[in-house]
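Below you'll find the structure, written out as structure tokens, and then a few comments.
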Amino acid sequence: MALMSGTALAREILDDAARRARARTGRKPCLATVLAGDDPASVTYVRMKQKRCAATGIDSRHVALPASATTRELVAAITELGEDEAVDGILLQHPVPRHIDERAAFEAIPPGKDVDGVTMHSFAAMAFGLPGFVSCTPGGIVRLLDAHGVDPAGQRAVVIGRSPILGKPAAMLLLARDATVTVCHSRTANLAEHVRQADIVVAAVGKPEFVRGDWIKPGAVVVDAGYNPGNVGDVEFDQARQRASLITPVPGGVGPVTIALLLEQTVAAANGEGQPEIVQSGR
Ligand SMILES: NC(=O)C1=CN([C@@H]2O[C@H](COP(=O)(O)OP(=O)(O)OC[C@H]3O[C@@H](n4cnc5c(N)ncnc54)[C@H](OP(=O)(O)O)[C@@H]3O)[C@@H](O)[C@H]2O)C=CC1
Ligand SMILES: Nc1nc(=O)c2c([nH]1)NC[C@@H]1CN(c3ccc(C(=O)N[C@@H](CCC(=O)O)C(=O)O)cc3)C=[N+]21
């Protein structure tokens, strides 16, 4: 077993982003973070992103709305950031309070500022193999595989989870890399049987140690995107690592690369570029 660490890769991506920041524009790129409500985990994530911005030479601006905010108010706040020329990228922290229409709020982000890759436009571009911003966690997963010499082509990939910002786009990116992709979810029958067949497993469930180590096929590559309270992933790490050829740790795996991609795409947005290199096949 070897560890598929994300910290070194994140460092590389951030160093490169720092070098490219202001190169074309002469001013710092600016990421706007938007948070509705005060969920403590979300507050922590947003703070992490802001700190990483500061260290990378990126300005950040934060818009905080109360948990009682309406869809209309959230959409208005995002629309305003979309029209603000000083803002290059917009991140709306997921999840939003239950009474808010999250999709409507995401869609208020103009495609050129969708550095978190959450809009229909970005998803479709990614799925069609066209230039655009990728969803950060799935994009980070593919970059991790690349950095560790894992070529998904012809491999059986099983993605557990189908959420709009994680499981579903992760499946599309693996498909673009010519993997044979199975997407599992809460209605999947015989989940363990699917996982046992997988050369590449992506766990994106949100349940601590949900994926049992003995489901992992010997030699498989395991990517644990789960991030549960107490820094616990979605995979039973100690058992899985004995069977996997490569496995991401939690923390220090997918998480840091996700944030690095967000900042990389913010710099790209400021420089007027898309992010075409992740999707190659155009299928
Ligand atoms: N490192 C990072 O950057 C990020 C990490 N995360 C982490 O990833 C995890 C997943 O996040 P997210 O996708 O937003 O979560 P969601 O809750 O939106 O989605 C969870 C998915 O898991 C599926 N699922 C739930 N129970 C089961 C089950 N028993 N068997 C099979 N599938 C099941 C659900 O299926 P169904 O669709 O049928 O309900 C759903 O598709 C969390 O731990 C989160 O913290 C999330 C985003 C970024
Ligand atoms: N619109 C939106 N986009 C997101 O990308 C998004 C989101 N909403 N909502 C919440 C999840 C969660 N998420 C994490 C990112 C990095 C780490 C991360 O870097 N974790 C460190 C540990 C950090 C620490 O706890 O010290 C690690 O895994 O090593 C974790 C979780 C992004 N998310």
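Heads up, the Cβ atoms here are built off N, Cα and C, so glycines get one too.
TrEMBL entries are annotated by machine, without manual review.
Residues annotated as domain 'Tetrahydrofolate dehydrogenase/cyclohydrolase catalytic' in TrEMBL: 4-116. Averaged across the domain 'Tetrahydrofolate dehydrogenase/cyclohydrolase catalytic' (4-116), pLDDT in this predicted model comes to 97.
As annotated by TrEMBL, domain 'Tetrahydrofolate dehydrogenase/cyclohydrolase NAD(P)-binding' applies to 135-271.
A coil conformation is recorded for ARG162 (NADP(+) binding site) in the three-state DSSP classification, outside any helix or strand. Marked as NADP(+) binding site by TrEMBL: GLY161, ARG162, SER163.
The NADP(+) site is set by GLY161, ARG162, SER163; from the centre of their CB atoms, other residues of the chain with a CB within 8 Å are VAL159, ILE160, PRO164, LEU166, GLY167, LYS168, VAL183, HIS185, ALA204, VAL205. For SER163 (NADP(+) binding site), applying a Cβ distance below 8 Å and a minimum sequence separation of six or more within one chain yields ALA204. Spatially close to ARG162 (NADP(+) binding site) yet at least six residues away along the chain are LYS168, ALA171, VAL183, HIS185, judged by Cβ distances under 8 angstroms. Helix, strand and coil counts under DSSP for the domain 'Tetrahydrofolate dehydrogenase/cyclohydrolase NAD(P)-binding' (135-271) come to 52 helix, 24 strand, 61 coil.
Residue density at GLY161 (NADP(+) binding site): 23 other Cβ atoms are found within 10 A of its Cβ, drawing on all protein chains shown.
With DSSP classes pooled into helix, strand and coil, the tally for the domain 'Tetrahydrofolate dehydrogenase/cyclohydrolase catalytic' (4-116) is 53 helix, 18 strand, 42 coil.
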